[in-house]
Each structure stands twice: as structure tokens, then as C-alpha cells.
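J.: Quick one: the structure is below, and I'll ask about it shortly.
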Amino acid sequence: MKIPMILGATAVGKTQFLVKLASLIPIEVVSVDSRQIYRYMDIGTAKPTREELSKLKHHVIDVVDPDEDFNVFEYRKIALKAMDEIVKKGRIPVFAGGSGLYAETLMKGIVENVPRNDKVREALKTLEVNAPGSLRKLLEKVDHEAYEKIHPNDLKRTIRYLEVFFTTGKTLTSLQKIHKCSNQFTVIILERDRRELAERIENRVDKMVESGLIEEVVRLKEMGYTRELNSQQTIGYAEIWSYLEGEVTLERATELIKRNTRRFARRQIIWFRRYKDAKRISLSETNENDILSLLKEDILNVWGGKYG
């Protein structure tokens, strides 16, 4: 028995098909999305609607407030706990989303017992303040694999990887390889033609703005959350903050959201190429009924066809 994981770029249509699939087999979704974890951020993160949630239960969304820290350690723990709860109910857990980092965390495992080291962390932060860019250079020396994987602007993860190294004497990358996740996942990747995906992104962003994205960010501001928070760096929110602060027009902010989302989708697609053994389903070349039949068959085969 293996665990199905359905991945796909943003706006590819994962939720749409999973909700329909839920009428055919008893599934529940464990979200693999690093932004839907935040409360009060519904429109910009494209969370399932109330209607969709009434048809298909989703786990690991609305987990923390926008100003709370949340890392891959906590995600993996909560996600696997949710999976166990779904299995106990006699239903099939389906991991679904687009976060490559969260997917890697589930499939490769992480070391959960490396404690936070505030002394090392503060020393690293001070070093970066005094010599900007120094932590990236340091990471390249001590953990080149992590250096290649972590975005240059992701200071939080850079500090964590260095923190683990200076605390344990071993790189987090090497520790992750030792502590493999015992659960075996089978990956199914949903894809679309590039032009079609770009068009879907354009339409989705327009719909987000029409549905109240600006008002959602205004509410976050009124609740006391600030644009400097990690959660507010999310595509869709960062650009609207710029609009609210008078830095760009609404038209320009919308254009930036579309552009940045397209770029993000391209990065996701490149990331998913690493899963050589994954089954790939083209949503552009297959009709809806056939897609649902394929997903149903694949999930039941992966799960062993046993549920209930």
C-alpha cells in the first residue's frame, strides 16, 4: 500500500478535479501548500471554497495566524497526523498541492529532534547584518546541495540550515538523507499546456481581485498584520500591499500578480521534473470523464483498492 500524492502547478485545476473525484471514492485531502496554512488569507491563496470544503474535507489549512512561525518540521508532523486520522476513519488520504518543499519533506523526511539554537541563530543574523550575503557564501561552503536548493532571498531557511550545521556538526541535508520517511508515496502530476495554464492564471487573478482580494488585505492590515511578515510576502498579497501604500496603481499591481504567478508556476513545473517515476496526466489533452477515471483508478491502485 502506498500513499497517493497529487502535485501540480498553481491554477492547473487540482481542487476542481479532486472535489469531483470525492463523489466517486471516499477521499480526504491533506494539503501540500505552504501558504494555505495561514488563517484569514483565503482569496489570495486560492483556498477551497466553503462549497468545495463541504464536498471534500481538507486538512492542514488554516493552521496558524499570519504572524506565526511555521516550518517544515511542524508541517510534516501535522500532515502525517492528519493522514493517520483519515485512515482510521476508513477513508483514503490524498496529499495534494504545489509546494515542492513540503512534498520533499514528506517523501524524504526531516530530522525533527534538532532543537532551535537561539545563540547560534542570533550570531548568524548579526553576521548577515554586518556583511550582507555572507550567509549565502557560508552555506555554499558547508552544504552546497542546500545552497543550490534554497532561494537566494530565503534568509530564514538559510539560517536554519546553518544553525543545524553549527549545532550538530552535520548538515541538515545529510541528516535528512539518513532519516527517511517510512511512508511511501506515489506521485501523480497534473499538467496543462503552457499557454492554457498562463490563461488560467490570468483569469484566476482577475477573479481574485473581483472577489475581494484588496478587501482581504485591508482586513489583514486592520487586524494589525504588517507587510513585512513572511506571510505577506505571498504572491498576491505583496503586490496589493504595494498598491495600498500608493507605490503602484491597481492595474500595475494586478499585472505584477499575474507575472509573478506565471514565474512561480514555471518554477513549480521545473521542480516537479525531478520526480522521474511520477505518473503525469495532461489535463489539456484528456477529457474530464477520462481524467476522473484515471485519477480514480490510480488512487485505488496505489492505495490497494481497500477502504471503508
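Glycine residues also receive a Cβ, built from the backbone N, Cα and C atoms like all the rest.
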J.: Could you tell me which of the ranges 33-36, 97-100 is annotated in Swiss-Prot as region 'Interaction with substrate tRNA'?
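T.: That would be 33-36, per the region 'Interaction with substrate tRNA' entry in Swiss-Prot.
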J.: Do any residues of this chain, six or more beyond the ends of the region 'Interaction with substrate tRNA' (33-36), have a C-beta under 8 angstroms from a C-beta of it, and if so which?
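T.: For the region 'Interaction with substrate tRNA' (33-36), the far contacts come to 45-47, 60-62, 75, 97-99, 101-102, 231, 234.
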J.: About how far apart, in whole Å, are the alpha carbons (Cα) of G13 (ATP binding site) and S99 (site 'Interaction with substrate tRNA')?
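T.: About 15 Å separate the Cα atoms of these two residues.
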J.: Take the C-alpha atoms of V12 (ATP binding site) and S99 (site 'Interaction with substrate tRNA') and report the distance between them in angstrom, rounded.
T.: 13
J.: Sequence gap of 6 or more, C-beta under 8 Å: which same-chain residues meet both conditions with respect to S99 (site 'Interaction with substrate tRNA')?
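T.: For S99 (site 'Interaction with substrate tRNA'), the qualifying residues are V32, D33, S34.
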J.: Which chain neighbours of the ATP site, leaving out G8, A9, T10, A11, V12, G13, K14, T15, have a Cβ atom within 8 Å of the mean position of the site's Cβ atoms?
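T.: Near the ATP site, beyond G8, A9, T10, A11, V12, G13, K14, T15, sit G98, L190, R192.
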